[in-house]
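What Swiss-Prot says about this one:
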type    : residues                       : note
BINDING : CYS60, CYS62, CYS75, CYS78     : Zn(2+) 1 binding site
BINDING : ASP450, ASP452, ASP454         : Mg(2+) binding site
BINDING : CYS795, CYS869, CYS876, CYS879 : Zn(2+) 2 binding site
Amino acid sequence: MFELNNFDALQIGLASPEKIREWSRGEVKKPETINYRTLKPERDGLFCERIFGPMKDWECHCGKYKRIRYKGIVCDRCGVEVTKAKVRRERMGHIELAAPVSHIWYFKGIPSRMGLILDMSPRALEKVLYFASYVVLDPKETPLLKKQLLNEKEYRESIDKYGDDSFVAAMGAEAVKTLLDEIDLEQSSIELKEELKTSTGQKKIRIIRRLEVVESFRKSGNRPDWMVIDVIPVIPPDLRPMVQLDGGRFATSDLNDLYRRVINRNNRLKKLLDLGAPDIIVRNEKRMLQEAVDALIDNGRRGRPVTGPGNRPLKSLSDMLKGKQGRFRQNLLGKRVDYSGRSVIVVGPELKMYQCGLPKEMALELFKPFVMKKLVQNGLAHNIKSAKRMVERVQPQVWDVLEEVISDHPVLLNRAPTLHRLGIQAFQPVLVEGRAIKLHPLVCTAYNADFDGDQMAVHVPLSVEAQAEARFLMLAAHNILKPSDGKPVSVPTQDMVLGSYYLTMDKDGVKGEGKVFSCPEEVLMAYQCKAVDIHAKIKVRLKKVIDGETIEGIIETTPGKIIFNESIPQDLGYIDRTVPENKLKLEVDFLVSKKTLGGIINRCYMKHGATKTSIMLDKIKAKGYHYSTIGAITISTSDMVVPEAKRELLQNTEKQVEKIQKMYRRGFISEEERYEKVIDLWTKTTEDVANALMASLDSFNPIYMMADSGARGSKSQIKQLAGMRGLMANPSGKIIELPIKASFREGLDVLEYFISTHGARKGNADTALKTADSGYLTRRLVDVSQDVIVRQEDCGTEEGYEVSEIKEGNEVIEPLVERLSGRYPSEDIINPTTGEVIVKRNTYMNEDIAKKVSDAGIKKVKIRSVFTCKSKHGVCARCYGMNMATSQKIHIGEAVGIVAAQSIGEPGTQLTMRTFHTGGVAGADITQGLPRVEELFEARKPKGLAIVSEVSGTVKMEETKKKRTIIVVTDDGEEVSYDIPFGSRIKVKNGDIISAGDEITEGSINPHDILRIKGVDGVKNYLLSEVQKVYRLQGVDINDKHLEVVIRQMTRKIKIEDSGDTELLPGTMIDVFDFEEANREILEKGGEPAVGRIALLGITKAALATDSFLSAASFQETTRVLTDAAIKGKIDPLLGLKENVIIGKLIPAGTGMTRYRSIQINTDDENIEEDSMDSIEV
């Protein structure tokens, strides 16, 4: 059986006139649309029912046949087929043109395909097409050249000179069509290849371009003359609707206007031709027809766009596809879905981790069909119709049925913007009164939600498979780790942290200190009877059964710690249980802050898995809220104690500043030095005041507790509250040398307040800009890596990628352990001192093994990496390593490309926008933050370029009056000299030994230079470590593998330099794997292989260079991508996610992969035993 949606690839091509007539159901001859009196379509018009089908279901135009029983009959009076009105969305018409016209995409695009294949300049072509010049089609015996242009005067002169029939020249699309018809593609191809061998420079580039177009036509089976249109397709009327507004006027799609102009001009041209009008009039009409067709296909591409009322350019066919509002992005990639709702969220601290509160009315509407079915099943309603009536009238018994339906049916909750995959999670719904959705406090971090009016959307998974996936893969209790770095995302925040911190504090000299209790229960009783303070240091006797033997002893602790440890598994490894005296100790015997809570959760997850962790989290949440309430931790101005030392510190600094000013006035130091010194002084003073403040705060001071626990606020905020605000920047980002000496507690004066506003306002402006930039970066990253899916277990590569710790100066930015854990080594790792093999090649390394390797003093390790993966499509599981979100090995079918893009894009909003000023005048601005990440991923030439050594050797410095020169002497004694401009900072010293690609001066390096000097591995390394530096400086951890996925996509193309005996064209870009394949085939035949070199593409270019034209067209430059694809007759293999979403198929990832879809289920009931079904505890 042929299913419409069951195909493996999609091809695009040029439509021949025959094809267009074949699609069509009839010719549109009149420009009329709808008769405004009868509101029925005019016959042969743009909405004609005979061509496109009936307006009403099962009803012909004249009303002779009505009802479904006449299905398929064609009315003998009006010629309309009796069928569903839906066919008006799919039936096409056509317009037969009186004169051929050119297709603007192929004539006007860059490069002009028509111009290249004819070897005419686009300007010359334009003159011919728009009737400004004649082109010689056949010079016959005359000295004129073929394709030579003649203006009106020259044409007349030539005719006078050589006679009427002595040569053939014409103008307009007819002439171009004749020329295109005459092209012999095979012959042209051979000739161009011959020419290519001898030509150089600009001429060679032009020949390569022409050859590319000729080969595209030759291989695709498209004919060049199809670029000139004889017949225009008319799209179905329901895709360009016309609706009546109140008041009797009509609103219509712009396309109808554009079609109408084409039909009007075409009919006028036919009439003129029949009348045998003078040439000049006909020519003018043909030109107008050409312009009308241009406007229909792509309005505004040539000349001024055709405008509608109010000077608004009309939306042409191309505009319907382009941009955010176009067909691709608006309707194919982002559809609205049924069974969904949205509402405001409120906090639900009483919920379990996997639950959410769903408002009753909303649930009833969302689960309506399920409730109706259940009502019938339970015998509460006789048929679906009465069940529907019951639900709509909300009868009391409906609620019980709803509870029953909802009990095991998960729902998906989503909060926009969905920046990473944790932006949609599944929950078990619980019915709640009111109209707000209740959300568990621990999932707020993942959603980045708060309860100040945020809204969330609910979606109901309908099929059993969808419900199963939601429950097992998307349940909030299973998504505890962040996919970007594998750290817990469900970490308690704010009150929960404060409560836990409060519980685990201890205090000297409080009630009950030093008491001894017989068991933990007695401690709790004493605490509840207020006989002992929660922070009192007490002793308690504990009993434990370990390996069958009972151990008891006395431990020192506090009631708070006993309470806190009730919810913590006692085997997380914080305490070394092998030591006898530690066997009874409480696991968490320290002050708990947000950071340590993260560690506890991480250890619990690694040791006990998701279910136990989510139970522990719920207990910590409950205790945290309870005890932060009991602790009654509040803020008041009396908690902000201004430190005693502040006045003295300020006076001292002012004296020193005065000294510096004096030195400046006397000319001992320059203006810059003075400024630098003053800034340094005030920075240090602000620090000193802050330190004095922190020292003077009591550990039970509520503000201190909030900051120290990580619940809210930070040291710098406390500094501003009670210390001093310190230095501020002016609007241009330069630091003002007068600091704000007051704190908020003391109050700011007018000038201080005014200076503060600069920073605040700039911050707000920055944030707004940053959000948009960050979103766009994410979109490009998704597009470049969306087809990277884990497609096989092992690609069998022998290669590896060498990693070592990433350093910035002396500071370690990313240690080796982090780079190794969750990876496979590509060769045996051997201990350099003992010579034993620590890890065999292709063995999985967890964190412990990675630590062993690092502790053995090994500095560099070769690991399997996405960079060296040999899978043609996607990556293999071995090269990818561990799945960060589960800390298990990655499964086949995981969409690692999208996860990588989200992991890099999601923290984008946290990166700063500003460019930092380095000290000194001539220090070039170093771009950092988001712009730097973008610069790296787009492989742009950075601002503030560093000078890079092209060779390895020893540094020799020379300084003359005019300039500084650095000479690098290679081992062969060859000298390469570099002139250093004054003001740039030199990174090397005399006598240093440097290698090729090292920086001589400070600044950023152009990645293309690194590719040239150090090769492809060098540039991959550089991009990886540079991007990591930007993120790590902002305290964002991203695992290397995500960056590797994107960088691999940037370095996948090879630029052909010499085609050898292959079919490849020099100067074109081709996928590395296709290149190797082509060479392998040629070598087997004994031919000469092609030569090429890896090209580094920015993410935008790389996304547009993908094999899939659907994915590229839906990304950017839609018309250019489609023009190119159509000429080449490209086939989209539908391997990525985007293209499958566009055509409405399941994505080839996860359970949508063919290997999972084509599983056959054998139902052999006898083999299935009841007790073998594991009960799954949620």
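Cβ atoms here come from the backbone N, Cα and C positions, even for glycine.
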Query: Which residues, same chain and not among CYS795, CYS869, CYS876, CYS879, have a CB within 8 angstroms of the centroid of the CB atoms at the recorded Zn(2+) 2 site?
result: GLN792, ASP794, THR797, ARG864, VAL866, THR868, LYS870, SER871, VAL875, ALA877, ARG878, TYR880
For CYS62 (Zn(2+) 1 binding site): intrachain residues, at least 6 apart, with Cβ closer than 8 Å: CYS75, ARG77, CYS78, VAL80
Cβ-based neighbourhood (8 Å from the centroid) of the Zn(2+) 1 site, residues CYS60, CYS62, CYS75, CYS78 excluded: GLU49, HIS61, GLY63, LYS64, TYR65, ASP76, ARG77, GLY79, VAL80
Message: I need the nearest neighbour of CYS60 (Zn(2+) 1 binding site) among the binding-site residues ASP450, ASP452, ASP454, CYS795, CYS869, using C-alpha distances.
response: ASP454
Under 8 Å by Cβ from CYS795 (Zn(2+) 2 binding site), same chain, sequence gap 6 or more: CYS869, LYS870, SER871, VAL875, CYS876, ARG878, CYS879
Packing count at ASP454 (Mg(2+) binding site) (other Cβ atoms within 10 Å of its Cβ): 17
Statement: A correct count of other C-beta atoms within 10 Å of the C-beta of ASP450 (Mg(2+) binding site) gives 11
Message: Tell me which of the binding-site residues CYS60, CYS75 sits in the most Cβ-dense spot, judged by other Cβ atoms within 10 Å.
response: CYS60
Task: Kindly assign CYS60 (Zn(2+) 1 binding site) to one of the three DSSP-derived states: helix, strand or coil.
output: coil
Query: For the binding-site residues listed here, CYS78, CYS869, CYS876, CYS879, which shows the highest count of neighbouring CB atoms within 10 A?
result: CYS879
Query: How many other Cβ atoms sit within 10 Å of the Cβ of ASP452 (Mg(2+) binding site)?
result: 5
Task: For the recorded Mg(2+) site, enumerate neighbouring residues of the same chain (Cβ within 8 Å of the Cβ centroid of ASP450, ASP452, ASP454, site residues themselves excluded), in sequence order.
output: ILE345, ALA449, PHE451, GLY453
- request: Please report the DSSP secondary structure of CYS869 (Zn(2+) 2 binding site), reduced to three states.
  value: coil
Task: Provide the three-state secondary structure of CYS879 (Zn(2+) 2 binding site) computed with DSSP.
output: helix
In three-state DSSP terms, the structure that CYS78 (Zn(2+) 1 binding site) belongs to: coil
